[in-house]
Amino acid sequence: MQSTEPWSPSWGTLSWDYSGSGSLDQVELCPAWNLPYGHAIIPALYLAAFAVGLPGNAFVVWLLSRQRGPRRLVDTFVLHLAAADLGFVLTLPLWAAAEARGGLWPFGDGLCKVSSFALAVTRCAGALLLAGMSVDRYLAVGRPLSARPLRSARCVRAVCGAAWAAAFLAGLPALLYRGLQPSLDGVGSQCAEEPWEALQGVGLLLLLLTFALPLAVTLICYWRVSRRLPRVGRARSNSLRIIFTVESVFVGCWLPFGVLRSLFHLARLQALPLPCSLLLALRWGLTVTTCLAFVNSSANPVIYLLLDRSFRARARFGLCARAGRQVRRISSASSLSRDDSSVFRGRSPKVNSASATW
């Protein structure tokens, strides 16, 4: 995963970007003007996402990791997903500072590599974990009996471990081939990948394997489960809708970026010849969609807070001095299946079972 791309108003300036920078052939010959006011708007968006995502995801991790007794299956997925989002948002101040300086990276080569690697790993892990959670929800609703052997705590931990392992492998190119690259105008250095054409093919392949494929799995499971929503109970239906909201927001935030990123890879490989006007529009589109994708890292806690009364109750208790005793008194109310319940579902003195959707 790479940084967003702040393009210089000068001609032929080496660009760096989350969406794949460095100038090659046709792309190098086209002007790369900055998105108007991007140096002010983009850092503000990143810092806002950091301000929301850091405490929000940290609270979700704290809330789920301190649970006593057996952890429910979906709890494990959401815990790992929150951890991935937390790792993602921790890098946002660095990219915000670089964006504010017109794309010049002030933190040295080491932090450039580590931050790029962290973005790649956490983005990939998030996509794979959501795909795994989608499959689990489909099995819970569509195959509750036949899939019971697969829906065990051990299997879910193995799936999460495999997702992280795949994500770390997918992030290695960012660790190995990204670093400080001098801008062509000699003003400073930018955090960019090395301008090798072969890296574009690798990037496109990784995008297909770590984004397009998990996205397809998520959408198929979403469609299959949605067909069964009218036949499930109210509590299960509400729980599934919260999960679907999380997945839909992820798709809405990342799909535009994935499409434009693929087009940009193809353009840099000269497989998709584009005039300079369309290349500039593509670059600006990547800037906007990258911001949208980055903001997704702070979205899930907001979704839980808005849609789940039980989570709001637990959040209130968690912020109180007596949170420990009160949270331990929260009991399960309803479940998505007989052996699995949703993430923040519970009963508090002010939350009835109908509203405890997770």
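Just so it is clear, glycine is given a Cβ too, placed from its N, Cα and C backbone atoms.
From a predicted model like this one, the values you see are computed outputs, not experimental measurements.
Database features, via Swiss-Prot:
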type	residues	note
DISULFID	C112-C191	disulfide bond
REGION	339-358	region 'Disordered'
TOPO_DOM	1-43	topological domain 'Extracellular'
TOPO_DOM	65-76	topological domain 'Cytoplasmic'
TOPO_DOM	98-113	topological domain 'Extracellular'
TOPO_DOM	135-155	topological domain 'Cytoplasmic'
TOPO_DOM	177-200	topological domain 'Extracellular'
TOPO_DOM	222-239	topological domain 'Cytoplasmic'
TOPO_DOM	261-284	topological domain 'Extracellular'
TOPO_DOM	308-358	topological domain 'Cytoplasmic'
TRANSMEM	44-64	transmembrane segment
TRANSMEM	77-97	transmembrane segment
TRANSMEM	114-134	transmembrane segment
TRANSMEM	156-176	transmembrane segment
TRANSMEM	201-221	transmembrane segment
TRANSMEM	240-260	transmembrane segment
TRANSMEM	285-307	transmembrane segment
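Only sequence-distant pairs (6 or more apart) were considered; of these, fewer than three Cβ pairs between the transmembrane segment (156-176) and the transmembrane segment (240-260) are under 8 A, so the stretches are not in contact. Shown are the disulfide-bonded residues C112, C191; of these, the residue with the fewest other Cβ atoms within 10 Å is C112. Most Cβ pairs under 8 Å to the transmembrane segment (114-134), among the stretches 44-64, 77-97, 240-260, 285-307, belong to 77-97. With DSSP classes pooled into helix, strand and coil, the tally for the topological domain 'Extracellular' (261-284) is 17 helix, 0 strand, 7 coil. Averaged across the topological domain 'Extracellular' (261-284), the predicted model reaches a pLDDT of 83. Between the transmembrane segment (240-260) and the stretches 44-64, 77-97, 201-221, 285-307, the greatest number of Cβ pairs separated by less than 8 Å involves 285-307. DSSP places the residues of the topological domain 'Cytoplasmic' (135-155) in helix, strand and coil in these numbers: 11 helix, 0 strand, 10 coil.
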